[in-house]
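*Asks:* Can you keep this structure in mind? I'll have questions shortly.
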Amino acid sequence: MNKAEEKDLIRLKTAEASACIHLHGATLISWVFNGKERIFVSDKAIFDNKKAIRGGIPFVFHGGFAVTLALEDTEETRKMWNFKFRVLYTVILRKNNLVLDINVINTGDTEFSFTVLLHTYLRLNDVNQFSLSGLRGSPYVDKVKQGEKGMECEDEVHIKGAIDRVYSRTSDTHTCSVAGKAWVIVKKTNNFPDTVVWNPWASGAASMADFGDDEYLQMVCVEPGYVSEPRKLPPKQTFEASITMEAVE
């Protein structure tokens, strides 16, 4: 991994846990509890403040101890998306919990639509031993199969090949387990109706310059979001969404 510069980092620490946020993309690049790293960042990740960091929890907007990061519209953002807005992203570290809270405020006079996603890369010892609950009965769009639609019928989803699915109307709680033991529990506490599940597998990993050929075995993305359809936000109104991640062991 290319080393990130300390000036670009915000560190949080309690007696039991630590977290680190990179200011580029407000990307959380580390969350350690009980001496165990829960977040995956590629050894080939690039920290140049230009390219998206490969791993962590990037905060994707449109297209205990806490820190609040703010984003507002500028002339540059309005060239790409011509609306006035303010985004507040708060990270709270408490014992074995990590709380991520997002507020999107429409500061203009025109309604706009947006999507939002917490692109969460979880670190695993072996993806072949991973299982994910909380998706049964949820419809999904399978991007690996050219947008094919389906309905999840399994109580636990296992990763056996490349996966890129957008699940909608998912459970508020996802238990991420390794070898049958809970590793991280993701609780969508407010306004995240969807969950994206992603792993590039061997062929996808080999196609990415900032991702090791075998690193797909060490990670999976479980991404709470509002992405199946855009969220409309009237003028002067606020949208809030949050998740709580619980480290189990």
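Glycine too: its Cβ is placed from the backbone N, Cα and C atoms.
I grabbed these lines from TrEMBL:
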ACT_SITE  His119  active site
ACT_SITE  Glu223  active site
*Asks:* Once the chains shown are all counted, how many other Cβ atoms turn up within 10 Å of the Cβ of Glu223 (active site)?
*Replies:* 22
*Asks:* Just the number: how many Å between the Cα atoms of Glu223 (active site) and His119 (active site)?
*Replies:* 5
*Asks:* Using a Cβ cut-off under 8 Å and a sequence separation of 6 or more, which residues in the same chain sit near His119 (active site)?
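*Replies:* Listed in sequence order: Ile57, Pro58, Phe59, Val60, Val196, Cys221, Glu223.
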